[in-house]
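Enquirer: Below you'll find the structure I mean.
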Amino acid sequence: MSKQKDKERIHEKRRAKFQELQNKIGITFRNEKLLIQAFTHSSYVNEHRRRLHEDNERLEFLGDAVLELTVSQYLFQKFPHMSEGQLTKLRAAIVCEPSLVKFANALSFGELVLLGKGEELTGGRTRPALLADVFEAFIGALYLDQGMDAVIRFLEKTMFPKIDEGAFSHVMDFKSQLQELVQRDGSGTLEYAILEEKGPAHNKEFVARVALNGQELGIGVGRSKKEAEQHAAQMALETLRAADQQ
């Protein structure tokens, strides 16, 4: 087989993979070159003697800013009682490298990255920093191709549900949020109590209750007393938010 036919076969195989990705996420790029560029590492550009700006670094720069804005807007609307400091801490946990790597892996982004041979041989395809950069570059490409609304719809399918499911609850201090809200409104006194402790010593489960002036606001379950109280406070915040909206 000639080198030209080899190149054509590789090109078609690559395009098929990018088409699979678009089918998977329910998005069809108007400019497929942007999509491919989002997955093009600088090592591939250097090796194939392409123009420097054809790698994904500029798209990564843009995607980083778009991601920060969309996540900030979502958190601002989702957690109306959360302080600026808490919002900043939560956003940082969501857009940090380990988090973005998980989202990239969930979509098998690593399989699509175009790498130079040296980068491939040294495990670049699974390198966390590279995968996080690709995720940001993809966001940048999607923004350029279809605008902010398309980015938000994509994140509503991939990232925002994880926030709702509590994937980042370890950095969310619900007890402090609840305390600040109660103090601000002058509503009274919060009291926490452990209602139940069950399970063997190596696998304990606790049930906590939080009450305001003796009236129950939330029940939470956790592997520790602290975790159970945090979950109870989270439920209490949701209860108060629902009451505010009525």
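From the backbone N, Cα and C atoms, a Cβ is placed for every residue, glycine too.
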Enquirer: D133, E136 bind Mg(2+) according to Swiss-Prot; which of E54, E57, E60 goes with them?
Expert: E60
Enquirer: On the three-state reduction of DSSP, what should I expect for E136 (active site)?
Expert: helix
Enquirer: Restricting attention to the domain 'DRBM' (173-242), give the mean pLDDT.
Expert: 89
Enquirer: What counts of helix, strand and coil residues does DSSP assign across the domain 'DRBM' (173-242)?
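Expert: Once the DSSP states are binned, the domain 'DRBM' (173-242) shows 33 helix, 25 strand, 12 coil.
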Enquirer: Around the Mg(2+) site (E60, D133, E136), what further same-chain residues have their C-beta within 8 angstroms of the site's C-beta centre?
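Expert: Result: N56, E57, L59, F61, G63, D64, A132, V134, F135, A137, G140.
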